[in-house]
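Engineer: TrEMBL feature annotations, pasted as is:
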TRANSMEM  28-61  transmembrane segment
TRANSMEM  81-102  transmembrane segment
TRANSMEM  133-151  transmembrane segment
TRANSMEM  163-184  transmembrane segment
TRANSMEM  219-236  transmembrane segment
TRANSMEM  248-267  transmembrane segment
TRANSMEM  273-290  transmembrane segment
TRANSMEM  297-317  transmembrane segment
TRANSMEM  369-390  transmembrane segment
REGION    464-483  region 'Disordered'
COMPBIAS  472-483  compositional bias 'Basic and acidic residues'
Amino acid sequence: MGITLLGVVLLPLGMIWATNPVRLLQLAFVTAIFGAGAAVLLGSFGLPPALVPGLIFVTYVCAQYALGMRYSGEAQVFKTLTPLIALLVYAILSIFFLPQAFQGRIMVWPQRPDLLNPGYVPLTFTSGNVTQTLYLALYSVVAICAGLLVTRGNFLHMALLRAYLLGGYAVIGITFWDFAYRVAHVPFPTSVFYSNPNWAIVNQALGPVPRIQASFSEPAGLAFYLSGLFFCCLWLNAKGRRIMRVDILLILSIFAMLLSTSTTGILTLAAGFPLMIAFSTISGNTAAIARLFKKGVSLAVVGVVIVGPLLILVPSLQNAINEVLTSTLSKGDSDSYAERSGLDSAAMGTLAQTDGLGVGWGSFRSSSFVPGMAANGGVFGLLMVALLVWQVTALMRRAGRHNPTHPGNVVLDGFGAALCGQLAAALVSSPTIGDIAFFLQLGCVAGTAARMLKDGRPVPSFARPADQAARMADDRVTESSYA
């Protein structure tokens, strides 16, 4: 067991705020940006930094439950997150039975392939089954506890959204720092940011253009986080929300996404505006459509003003941009795309070989989310994910209609859009969703919507109507005069 530098900083902070659950959640949101870091090392398992405050927070909520504390909207939270709980139970059961049941009969791509001779291996029980299931269990428990906490009355929902946006500013700063390190050799603490032994860190480049990954294990991981941040800032701008200068953060997130040169990120940027405009059109929000068009024009002007002079002053920059565009547009013809497509096809093929049961959670590392879920969770896993998306979306819509003036609507706007952005990125290129920020947002959305429904219910009045009270007074007067 070992404690990294991140752990040395986070463990004291977690103990100081052990009785302040809001601070613990804020700390978890901020430290979620260290996707390739670890706070504590337990053999080959690295505890993600965000789980330090996350586990202390879970301990706090469980201790309150043991002392008799109950939350007003807990029934709605548990009902909404039931598919997540069912998926966790299936994942735990699957690693005990499925790898042994199909051992040696199915070829899988392991979580950590051999660097010298990567390839498919016969299915067997490995440490990947344990670590991936453990991550899912920890993240699911954190999501449920976060959902319970935010159902409290007079909860400061905006505090959590501000913490997420603060983490966004921090990860963009690290992105530019990594770019300076790769280009100008500015000192960069790689031993701190890449301290998790579960990840194999490889510096990537597109010809002369370095691919930036910041504090994540690969550019796709950075693009996954920035996709959520981009959608969050874009929708908050569309709804006219004024919080932590999301207009500036939107521009910075776009530049950071371009520095990652990730095809996933670039596709997210290209699809973001049309998707938001389409959603606003369907919902009839003309004000949001106008703000989106205005923001699109302003971003185009800013891009021309900044990029135009740079292309003139630095001619080599044009070659770099051409390299990135060529790589993105020809992605479908590249060897890496063929390899990823082969992985996804093999992952989907395991459904037929296992009669829809899957090969066990953590047994197969695919290239994108749906094939990975199909291989590891089987048909049941796919159904639970679809049901979870449906229930969370329906709860958000119901809460927004039921209580449109509640302050929690800002959280639903920001975190709801962030969840959509991250899910879209995962569908393109992510074997699984292993970002704790995603699960924190999921819990906060479920809990906030549950609280909004409760606050919007009419309070039954036990006061007597005026005419009934007057009749009763007349009766009393009549009775006393008769006596």
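Yeah, the Cβs are placed from backbone N, Cα and C, and that goes for glycine too.
Can you tell me where each of these features sits in this structure?
Structural biologist: When Cβ-Cβ distances below 8 Å are used as the criterion, the transmembrane segment (28-61) is approached by residues 1-4, 6-7, 10-11, 13-15, 17-19, 21, 127, 131, 134, 138, 141-142, 145-146, 148-149, 160, 163-164, 166-167, 170-171, 174, 192-199, 201, 213-217, 221-222, 225, 435-437, 440 of the same chain, each at least six residues removed from its ends.
Residues 123-126, 129-130, 133, 136-137, 140, 143-144, 147, 353-354, 357-363, 376-378, 380-381, 384-385, 387-388, 391, 442-443, 446 of the same chain lie 6+ residues outside the transmembrane segment (81-102) yet bring a C-beta within less than 8 angstroms of a C-beta in it.
Long-range contacts of the transmembrane segment (163-184) within its own chain (CB-CB distance under 8 A, at least 6 residues past either end) are made by residues 25-27, 29-33, 193, 203, 210, 212-215, 222, 225-226, 229, 232-233, 243-244, 246, 249, 252-253, 255-256, 259-260, 414-415, 418, 437, 441.
Long-range neighbours of the transmembrane segment (248-267) within the same chain, counting only residues 6 or more positions beyond its ends whose Cβ lies under 8 Å from a Cβ of the stretch, are 165, 168-169, 171-172, 175-176, 179, 206, 209, 211-214, 219-220, 222-224, 226-227, 229-230, 233-234, 237, 295, 299, 302, 324, 327-328, 331, 425, 428-430.
With a cut-off of 8 Å between Cβ atoms, the residues of this chain six or more beyond the transmembrane segment (273-290) that come close are 231, 234-235, 238-240, 296.
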